[in-house]
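> Right, I'll just put the structure down here and ask away after.
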Amino acid sequence: MEVLKINKQEFGETAILYSLTNDNGLTMNVTNLGARIVDLIVPVNGEERNIVLGFESAEEYLTKDIYFGATIGRVAGRIKHGSFSLDGKSYQLPVNPENGHTLHGGTESFETKLWDAEIEETTNQVSVTFSYVSPNGENGFPGELKAYVRYSLTNENEWIIDYQAETDQPTLYNPTNHVYFNLTGDMTQSVGEHELFVYADRFAVVDEDTTVTGELRSVEETPFDFRKTKSVEQVFQTTYEQNSLVDGLDHPFMLNQTGFEAPQAIITAPEKDLTVEMYTDRPAVVIFTAQFGNEGPEVRGQKLANHGGITLETQVSPGAVEFEGFGNIELYPDAPYQSRTIFKIK
C-alpha cells in the first residue's frame, strides 16, 4: 500500500497548517491554532468537495471565529452562571456579560491557543497529535491540565479524534470538536435538505439562553425524533417551542448506545451522494444548526447562509455539573481522561 502523505505549511504568522491525504484522495487540513480542522476535501463524482466550514487564514479564525472546527475546552457547552462546586470547594469562572454564563471554557480558551504538534505516519493512517498545557487557574479552572488531541486520517476514509488529558489536581474536563458539516460543499445553502439520523430517545431541554434546564424530554412526537432518518428542514419549519427558542437545533441528544459497532448519528447529503457517520464513546452529542441569521461570516469568499452548517459535538451533556442524570465531567489525578470519536465519510 502506498504510504499516506502529510505536508506542513505556514498558516499565518505563527500557526501551521498540516495537510493529510489518504490513498483515496481524501484530504484533511488541520492547524495547531486551536487544534482544529480547517478543510475536509472529499472526491465526489470526479470533483473535490470541501464538506466542513473553515477560513483561509489564522487571522480570520481569531477575528471572526465562531469555533469553526476547533477543539473546545476545558468544558464544552455552557456552565450556568459560570459557577460549580468540586470536592466541597466553590469556583467562579469568568462569564459572558451578555448572558452571565460561561461558554466553551470561557474567552480565549483552547480554540485560540497555539498547540504543539507531532506527526506520525503508518501504512494505513496519518496522524497529527496536538498538545497543550493549560496552567492552573486558567479561565478559573483548578489544576494544571495536560491536554492531547490526535487527529488521524485512515485509508477507510475515517477521521479519528482521540482525546487524552491528565491533571495534577481535581478539575472539570469535557472536550469536543466544533466541526460544522455542509455535505454539499456550498456554504451559501442551508443544510435543511440534509437528512439526519440520531439514535437518541431523549434530548435536553434548553431555555432562551440555550442553557439546559435539567429536563430530559422524550423525542417521541417531537420534531427532534431522528431515530428514523428525516430532513433537517422539518425542524426549521416547525412551531415547536424548543425550535422557536433557538431557530433550529442547539440541543444535547442523549445517545442510546456508545461505541464503534454501529453509528449513533448519520448526516446524508441532499443528493445522497455522500454521508458522514458518527461513532463515539461519549454519552451525548450536541447538534447545532448554525443559526446565525444575517450575521454569518464570509466563508472562503462566500456569505454563510443561515443554517449553513450542522455540528455533531460529542461530549458529556452540558448540565453535568448541575443535574443528576447528565453525566460526570470531573477529572482527577489518578484517572487520566481518554475518549474517541470517529467520523466515517462514505
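From the backbone N, Cα and C atoms, a Cβ is placed for every residue, glycine too.
Sharing the record's features from TrEMBL:
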- HIS178: active site, proton donor (ACT_SITE)
- GLU313: active site, proton acceptor (ACT_SITE)
- HIS178, VAL179, TYR180, ASP250: beta-D-galactose binding site (BINDING)
> What count of other C-beta atoms do you get within 10 angstroms of the C-beta of the residue listed as 'active site, proton acceptor', across all chains shown?
24
> Measure from the CA atom of HIS178 (active site, proton donor) to the CA atom of ASP250 (beta-D-galactose binding site) and give the result in Å, rounded to a whole number.
12
> If you pair up every Cα among HIS178, VAL179, TYR180, ASP250, the residues annotated as binding beta-D-galactose, what's the maximum separation in angstrom, rounded to an integer?
14
> Cα-Cα, whole number of Å: GLU313 (active site, proton acceptor) versus TYR180 (beta-D-galactose binding site)?
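Given the Cα positions, GLU313 (active site, proton acceptor) is 9 Å from TYR180 (beta-D-galactose binding site).
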> Given a separation of at least six residues and a C-beta threshold under 8 Å, show me what packs close to TYR180 (beta-D-galactose binding site) in the same chain.
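Looking at Cβ-Cβ distances below 8 Å from TYR180 (beta-D-galactose binding site), excluding near sequence neighbours, one finds VAL52, LEU53, PHE68, GLY69, ALA290, GLY308, GLY309, ILE310, THR311.
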> Give the sequence-ordered set of same-chain residues, not counting HIS178, VAL179, TYR180, ASP250, with Cβ within 8 Å of the centre of the Cβ atoms defining the beta-D-galactose site.
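Those within range, site residues removed, are TYR67, PHE68, PHE288, ALA290, GLY309, ILE310, THR311, LEU312, GLU313.
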